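According to Swiss-Prot, the features are:
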type	residues	note
BINDING	GLY33, GLY34, HIS35, ASP52, ASP99, GLN106	S-adenosyl-L-methionine binding site
Amino acid sequence: MKLNHIPVLPKEVLKYLNVKSSGIYVDATLGGGGHSELILEKLKKGFLYAFDQDIFAIKQSKKLFANNHKIELIHSNFFFLKQELNKRGVFFVDGIIFDLGLSSFQIDDKERGFSYLSNEFLDMRMDREQKLTAHYIINNYSFEKLRNIFFNFGQEKNSSLIAAEIIKKRPLNTTFELVEIADKFNYNRKGHSSKKIFQALRIEVNKELELLQKTLHQCLSLLKEGSSIVVISFHSLEDRLVKNFFRANSIINLPTKLPIVSNFKTVLKIITKKVVKPSLEEIAFNHRSRSAKLRAAVKN
């Protein structure tokens, strides 16, 4: 299987990242290497550190960037971004990009269990070396834990019914077994309950929201003044987290009764007045970009 490295919102990423030819940049989610490729084209004396917890992405990108000496590929979850950079003597960077979507190769890989459209083993691990899988969650978590995961991470209204049916039908081994249960309670609503359940499981397996929140905080101390952080999300939970994080760090929140200091600066300045979405032309060219939402901010 080859990587599909068509980057989402390529022009917008370059616009808001504002790549300097001699800058130090971080691609926190290497994936198919599309955004890394865009950044590298702008670098002359600069350098790029690209992270991915999926070893397949790292191995394939080694081939893609085999002759490029301006990039280092790091097999690691972005949660360890600051630690890994500091180990390399890097304490400040000129920009960071996150593309939080599943890569095409992960969706298409029949052994990963990310897609509800094909019958696969319930895995859903980004990092194949970690122990926790969707299979373990489905077959071992309590009713309460399953219900809460489906409701909180999938925003599924019928989370209780689906969780109860899973407990009743255990053991479940494949994606289609789970799809059959989830869609049983769809009740003619638009869209698939399966999509919500699979999203919820993937978030739980990979601790996506928890690690994203912690990593965004790390980025504040890594960014130089005037440097950008760009985040592309693909569902409302991620987008809300990023939106709230940017807002919280872009407002002045001084204690009451203290004198106002005229030169007080916020940590971030939001540079996307509203969320940026792909054009109709991009969606027609790259269908998987359709739910992408980009937000960007600059370090003050």
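Cβ coordinates come from backbone N, Cα and C, glycine included.
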Residue, out of the binding-site residues GLY33, GLY34, whose Cβ gathers the largest set of other Cβ atoms within 10 Å: GLY33
For ASP52 (S-adenosyl-L-methionine binding site), nearby residues of its own chain (Cβ under 8 Å, 6 or more apart in sequence): THR29, LEU30, GLY31, ILE58, SER61, LEU73, ILE74, HIS75, SER76
Nonlocal neighbours by CB distance (under 8 Å) for ASP99 (S-adenosyl-L-methionine binding site), same chain, sequence gap 6 or more: PRO7, VAL8, THR29, GLY31, HIS35, ILE232
